[in-house]
Amino acid sequence: MYLATVAVCFQSLAFSPDSRRVVSGAKDGVVWLWDCTSGEELLVMKGHTDAIRSVAYSPCGNRIASASEDKTVRLWDSETGVCVFILEGHIDEVRSVKFSPDGRQLVSGSCDETIRFWNSETGEPGVILSPSSGRIWSIAISPDGRWIGSSHHDNTARLWDIVSGSPGPVLQGHSNVVTGIAFSPNSQLIVTSSWDRRVMLWDASAGDIISTFDGHSSTVWDVAFSPDGLTIASGSYDKTARLWE
């Protein structure tokens, strides 16, 4: 099934919690919502003035967040497509956005080297983390709600306590920019991707390397765990996606 035949490049995707819909963020700054069964276009959300880098669905399914190169994060009503909040504060493109497991907080990571917290119900800004580790490429939140993970331009990934904002383990092992980060479903493992063409598996509590996966011949842009936590998927500039066990 094709969800789109429009002449636009999509850079981010996310399923609704019930898997009935998928939201996509496009290079032209438009957010699209699609029906997964029929492929029907449900909503077109316009307002960003530059490319969408990341989209996310709230756990309850009533909000969609989008992060853009226009330096803003927007919150949309997923039923009407109305923009509920424009979250401003970043001074460079916003690369990644995630909801906390309870849906009450939104977290964004930017090339301005900050991680920002927002109240998803009021749009009010919260804590700002400034790691001073180069631009942030991606963020992830552990399913147990304990950690935020961030991937950085200085070849590291870092963990942060989601309640206090205190720094946790620093994941050091990649030899180039860390592009992607994801937690396992049980929150005990972390996987990262990098410009160094490698995928690495880490112990989340200690920050130690468990395994290194070699095979891609170019930059690995993103990684993900399967829902059962037994398989890792990686996507690369070498035009391949690989599964690792």
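Glycine too: its Cβ is placed from the backbone N, Cα and C atoms.
The repeat 'WD' annotation in TrEMBL covers 12-44 (among others). Per-class residue totals from DSSP over the repeat 'WD' (12-44), listed helix then strand then coil: 0 helix, 19 strand, 14 coil.
In the predicted model, residues of the repeat 'WD' (45-86) average a pLDDT of 97. Under the heading repeat 'WD', TrEMBL lists 45-86 (among others).
Long-range contacts of the repeat 'WD' (87-124) within the same chain, counting only residues at least 6 positions beyond its ends with a Cβ under 8 Å from a Cβ of the stretch, are 50, 53-60, 63, 65-75, 130-141, 143-145, 148, 150, 160, 162. Here TrEMBL flags 87-124 (among others) as repeat 'WD'.
Under DSSP, the residues of the repeat 'WD' (129-162) split into helix, strand and coil as follows: 0 helix, 19 strand, 15 coil. Look at TrEMBL and you will find 129-162 (among others) tagged as repeat 'WD'.
Within the same chain, residues 134, 137-144, 146-147, 149-153, 155-159, 218-225, 227-229, 232, 234, 236, 242, 244 sit at least 6 positions outside the repeat 'WD' (171-212) and bring their C-beta atoms closer than 8 Å to a C-beta of that stretch. Residues or ranges marked as repeat 'WD' in TrEMBL: 171-212 (among others).
Marked as repeat 'WD' by TrEMBL: 213-245 (among others). When Cβ-Cβ distances below 8 Å are used as the criterion, the repeat 'WD' (213-245) is approached by residues 138, 179-186, 189, 191-195, 197-201 of the same chain, each at least six residues removed from its ends.
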Beyond the flanks of the repeat 'WD' (12-44) by 6 or more, those residues with Cβ under 8 Å of it:
1-4, 50-61, 64, 66, 68, 70, 74, 76, 78, 80-81
What are the DSSP helix, strand and coil residue counts for the repeat 'WD' (45-86)?
0 helix, 23 strand, 19 coil
